[in-house]
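Features of the protein shown, as given by Swiss-Prot:
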{"type": "REGION", "residues": "1-46", "note": "region 'Disordered'"}
{"type": "REPEAT", "residues": "97-118", "note": "repeat 'LRR 1'"}
{"type": "REPEAT", "residues": "120-141", "note": "repeat 'LRR 2'"}
{"type": "REPEAT", "residues": "143-164", "note": "repeat 'LRR 3'"}
{"type": "REPEAT", "residues": "166-187", "note": "repeat 'LRR 4'"}
{"type": "REPEAT", "residues": "188-209", "note": "repeat 'LRR 5'"}
{"type": "REPEAT", "residues": "211-232", "note": "repeat 'LRR 6'"}
{"type": "REPEAT", "residues": "234-256", "note": "repeat 'LRR 7'"}
{"type": "REPEAT", "residues": "257-277", "note": "repeat 'LRR 8'"}
{"type": "REPEAT", "residues": "279-300", "note": "repeat 'LRR 9'"}
{"type": "REGION", "residues": "324-409", "note": "region 'Disordered'"}
{"type": "COMPBIAS", "residues": "386-396", "note": "compositional bias 'Basic and acidic residues'"}
{"type": "REGION", "residues": "438-478", "note": "region 'Disordered'"}
{"type": "COMPBIAS", "residues": "440-466", "note": "compositional bias 'Basic and acidic residues'"}
{"type": "REGION", "residues": "573-633", "note": "region 'Disordered'"}
{"type": "COMPBIAS", "residues": "594-603", "note": "compositional bias 'Polar residues'"}
{"type": "DOMAIN", "residues": "650-763", "note": "domain 'Calponin-homology (CH)'"}
Amino acid sequence: MAASQGGGGNSGGGGCSGGGSGGGGGAAGGGGGGGGGGGGGAGAGGGGGCGGTVAVPIPVPTLFGQPFPNGPQWHPGSLQPQHTVRSLDRALEEAGNSGILSLSGRKLREFPGSGYDLTDTTQADLSRNRFTEIPSDVWLFAPLETLNLYHNCIKTIPEAIKNLQMLTYLNISRNLLSTLPKYLFDLPLKVLVVSNNKLVSIPEEIGKLKDLMELDVSCNEIQVLPQQMGKLHSLKELNIRRNNLHVLPDELGDLPLVKLDFSCNKVTEIPVCYRKLHHLQVIILDNNPLQVPPAQICLKGKVHIFKYLNIQACCRMDKKPDSLDLPSLNKRMPSQPLTDSMEDFYPNKNHGPDSGIGSDNGEKRLSTTEPSDDDTISLHSQVSESNREQTSRNDSHITGSKPDSQKDQEVYDFIDPNTEDVAVPEEGDTHIGSFVSFLKGKEKSSEKSQKNEEPPNEKKVDKEQLLPEEEDDDLKEVTDLRKIAAQLLKQEQKNRILNHSTSVMRNKLKQTVECEKSVPADEGNSPLSPLAWQPLENQKDQIVDQQWPESQPIIWQNEERRRSKQIRKEYFKYKSTRKNSSGNENEEQESDNAHMSAQSPVSSEEYDRSDGFSHGPFGLKPRSAFSRASRQEYGAADPGFTMRRKMEHLREEREQIRQLRNNLESRLKVILPDDIGAALMDGVVLCHLANHIRPRSVASIHVPSPAVPKLSMAKCRRNVENFLDACKKLGVSQERLCLPHHILEERGLVKVGVTVQALLELPTTKASQLSMA
């Protein structure tokens, strides 16, 4: 109405318009309207009617009937300055009626005092003001659920906030907070927004917020996130944008996050455990110096990032040598179909100290031969088996003990019975030396510079013997093996004491035999002569009982004692008939034979049958790695014999590896790292060596790039196979050619050195002729 009247005159219209706008302000505006009207009358001259009209205030439109949005869906950027058209009194009055207090954008420095009852307020919006502290009137709002203090000048949060025990939403962003008090986390908060402050850390007490669903600490100066954030089991959204974070805690991988924003930080690696974030829908990671995953993968999006993390997790798991996707003996596994995107960022195998690959564990306990490769193992074992069968058919005198000792013989599958006799240490010494070497290998497995080639047959034995132990933790395994080694040391000492007592008793036995030989013939024919041999038989019983080690099974001991007693009885019957006719030399020899027969596990019938050809000095008995005669004969051998042989073998391998390093560095003019096995595993250096010997012998070489610093296993295998093919074409003989897994698994550096040496020894004329062809 005032606006229409204002249009009546030129100058008077301006006055009426001023009065109309002033009238909207309430009582103060009325004065403005009067003044405006007077101005209009003076200016218009004939328009006094316009100046005298009183402007009627127009009520506020229904747009502000809901001055405060429901719930925690506020977005400070969308707030409009339309609240300025309302009076404080009306806002406070509506807050008393509706429980929603909205004082946003009024530039208030203090909370306006009023006579309104605001104790039932459930939502309070005090954003965009100039409060330097949270108004004390707010602590009286006991049922308060939502508090918005966005864009003020608040520096601290007082302890009185604990009175708001129903507060679930708190927005105190864009203030001057430097710390968050511990008592803040005693509230049942579901949404906490503290962005754009000066926070340098988050208290560990944040783990108390079990119901927290959204946390925004962006645009602060936080350097480390506490591990207690892993206890926020209800957290859906986490915003840590624009801070000084270098590392993301692994505990976040266990949260049900839907949105994660850690952009504009200094994070270099996404933890592998983040692959467990199955509910994650949005991940924002731009403006970070990420190295893992590489940049080109991060640009492809969330799906590729999680693929990379899954592959990385598979590669970091402990791998057994037989579970690798590598070609094995006489059987090449088909290559897995990989897409280009997967192949580009398939990580390299992690041959760490825990993976069981490429480390010299010293697990060479039971093998007595050291074949060169897997082909030699299978061939040698077949020949040994056929020889044993033929020997068992020809030499029937040893068949009686074969079933009882079959279990003991399984660990000596690689021993040829027709080979010449060599010094075989005692059983206790063999096991002790092997376990000591195994323990030393376990303790030094973390030093990758001592990686040496392990003969494949020893790995084959270890897979059968230690498969249950490899599944346990390394610390428990080493502890158990130390206990076993200690028990074997004690057993070995007992065996030596028994052997010493046996030798003493044997000397006494010989002295007794000599005394009996000096007895006259008529006294030997007297009926008392068997009684004279009775103490000797008792002594022999004691000797035989002492010679059996305590580690033998009870059934074996009883069987052998029964057989030895039967042999002794028949022997004394036989000797009593020939005692007068036999000479001193024969008697001494028979005494020794009786002593040896008491030790050999054969029956009496077999003893009679074999007496014709094995009665002599027992030199024609078949060789067996576990025969007691061999152990008794070589009982005095040096217990460190096996250890010395192993150390000599390791020294030879180190020398060959050093020669391999010298050959590569001198030819290629490069400096290889200390871990030469890892340097050669991708096949790049070896392919360059082949091209150095003859250009273009390897047509294509897969090399790492800055974006993908490690080649995939498929590309490594391709390089290695190309190198071996080039060696064949250049003329390297098959017996000097290594296998692919010697390079890929870092287990055959000696074989690789032989191949490289053979490649370097090729005559230049032959290589040139091949290139001409």
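Cβ coordinates are placed from backbone N, Cα and C, and glycine is handled just like the others.
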Tertiary contacts of the repeat 'LRR 5' (188-209) (same chain, 6+ residues out, Cβ under 8 Å): 72, 150, 165-182, 215-232, 234, 239
Contact set, same chain, for the repeat 'LRR 7' (234-256): CB under 8 Å, 6 or more residues outside the stretch: 190, 195, 210-228, 262-271, 273-277, 279, 284
Counts of helix, strand and coil residues, the repeat 'LRR 9' (279-300), according to DSSP: 4 helix, 4 strand, 14 coil
Surrounding residues of the repeat 'LRR 4' (166-187) on its own chain - C-beta under 8 Å, 6+ positions past either end: 71-72, 74, 76, 127, 142-157, 159, 193-203, 205-206, 208-209, 211, 216
Remote residues contacting the repeat 'LRR 6' (211-232) - C-beta distance under 8 A, at least 6 residues beyond either end: 168, 173, 188-205, 238-249, 251-252, 254-255, 261
Residue counts (helix, strand, coil, in that order) that DSSP gives for the repeat 'LRR 1' (97-118): 2 helix, 3 strand, 17 coil
The repeat 'LRR 9' (279-300) [mean pLDDT, rounded to integer]: 93
